[in-house]
Amino acid sequence: MQAWQQQLNLFFIAMGFFTRIPMPKWIEVDADKLNKASRYFGLVGLLVGAISALVYTLMLYWVSPSIAIVLAMITSVLVTGGFHEDGLADTADGLGGGWTVEAKLNIMKDSRLGSYGALALVLALLLKWQLLTELALFDPSSVSLALIVGHCLSRVVAASFIFSEPYVSDSDTSKSKPLAQEQGINELSILLATGILALLLVGVMQALVLTLALTIVRYGFVRLFTKQIGGYTGDTLGAAQQGSELTCYLLLLVLGVSW
């Protein structure tokens, strides 16, 4: 397999893991390739954001921006299978309902939705819709750019945990365990480069503020997860992604998408 085919193979692995988009049949998957595929998590975010933005833009011809935003949000959930939203809900249930590390991890593995998870999920979706709707009041076209940037940067933040933080879940059924064993400097470099590419889509001031704010948000999540469970799980990565995405939308609303 040539170098470009190897990279394409890794991208399709990342896409197949984090979305419901079918992978080509020729894709080769093993533990090492799953680890290396983390370099393209941000690029998958760009793809998901672009699909959502396309739906939003097309729907503007027939419906109001607020309805188009709902349809774009539904699209992103359908494309990803609600993968990250599920992680947010499980994390809220685990951290909110467990008293010990073992109890918190066991609750996260439970497929049932608890009160903490339901609250976190509903509030996150409502806040996401409200932030994007407010952004559309200033400039409806800016929502498309916000979706692309938010989906990309939030996945860059979440995926960077794999490089620096310990994986604590020992469940053989964990959805992210094959990807969580290690992340090399090459993977991290490509991941961060994707984030820089997304930052080029907004103004200089916005890019600087987003970088600083997401660094702080990441630090906060690291401290929280380390204190609560001693590291991260696949579910907490989903929570970090959702929190980072909301942070992007909030800052783009405050600052505007260009300067």
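In case you wondered, yes, glycine gets a Cβ from its N, Cα and C as well.
Per Swiss-Prot, the features are:
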- 9-29: transmembrane segment (TRANSMEM)
- 43-63: transmembrane segment (TRANSMEM)
- 64-84: transmembrane segment (TRANSMEM)
- 118-138: transmembrane segment (TRANSMEM)
- 143-163: transmembrane segment (TRANSMEM)
- 190-210: transmembrane segment (TRANSMEM)
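Note: the stretches the transmembrane segment (190-210) and the transmembrane segment (64-84) are not in contact (fewer than 3 CB pairs below 8 A, sequence gap of 6 or more). Among residues of the same chain six or more beyond the transmembrane segment (143-163), those with a C-beta under 8 A of the stretch's C-beta atoms are 18, 38, 41-46, 48-50, 52-54, 56-57, 65, 68-69, 72, 76, 84, 132, 135-136, 179-180, 182-183, 185, 187-188, 191-192, 194-195, 197-199, 201-202, 210, 214, 217-218, 221-222, 232, 236-238, 240-245, 247-249, 252, 257. Among residues of the same chain six or more beyond the transmembrane segment (64-84), those with a C-beta under 8 A of the stretch's C-beta atoms are 18-21, 48-49, 51-53, 55-57, 125, 128-129, 132-133, 136-137, 140, 143, 147, 151, 158, 175, 237-238, 241-242.
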